[in-house]
Amino acid sequence: MNPRKKVDLKLIIVGALGVGKTSLLHQYVHKTFFEEYQTTLGASILSKIIILDDTTLKLQIWDTGGQERFRSMVSTFYKGSDGCILAFDVTDPESFEALDIWRDDVLAKIIPMEQSYPMVVLGNKIDLEDRKVSQEVVHGWCKEKDMPYFEVSAKNDINVVQAFEVLASRALLRYQGTAENHLIDSIKLSPGQPKSRCC
């Protein structure tokens, strides 16, 4: 029996102020609704261990502050991340419109910069009745960007686990592809090189 592989992944969650990033993260990691609203200054980090595709994943999830004045500081946390959740509030059209800026900012800062960087979009607060962002508009935007979309509620724990685990699965695939490419590159031999002989 093979021992289960272990992989550490760094995920980030970004979006405008007040969309519920911290509540989503607490619901996923602790199965509790984070009722007390406090602005995240900079970033906070929570970890969760899950088993996915016979691999033990240690997810280090960075909850970033959504205030404009912290954006330049927060963007330094994007470096080295393996995947990103773009969150918005379905009752706040401006938070949805800001997703382009958040997405572009993440893609500009990740290292290494590449197009296959996994992202998922979460429309939070579907438990509220005053929805202002239609599903059709969001689905169109996500289809154009080739990103999965989840309608979620941190308060009622709707689709939260599924969304995080789809991102984790995509990040794992990317990680495995990167690790495989490094292995292939490191074992390539140049043909025709003479071997040195001793005595």
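Each Cβ is built from the backbone N, Cα and C atoms, and glycine gets one as well.
Values in this document were obtained by computation on a predicted structure and should not be read as measured data.
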Phosphoserine per Swiss-Prot (candidates: S23, S134, S186): S186
Feature motif 'Switch 1' in Swiss-Prot, mapped to one of the ranges 28-41, 140-153, 168-181: 28-41
Three-state secondary structure, which DSSP defines for G15 (GTP binding site): strand
Secondary structure at T64 (GTP binding site), reduced by DSSP to three states: strand
Among T64, N124, the one of these binding-site residues whose Cβ has the fewest neighbouring Cβ atoms within 10 Å: T64
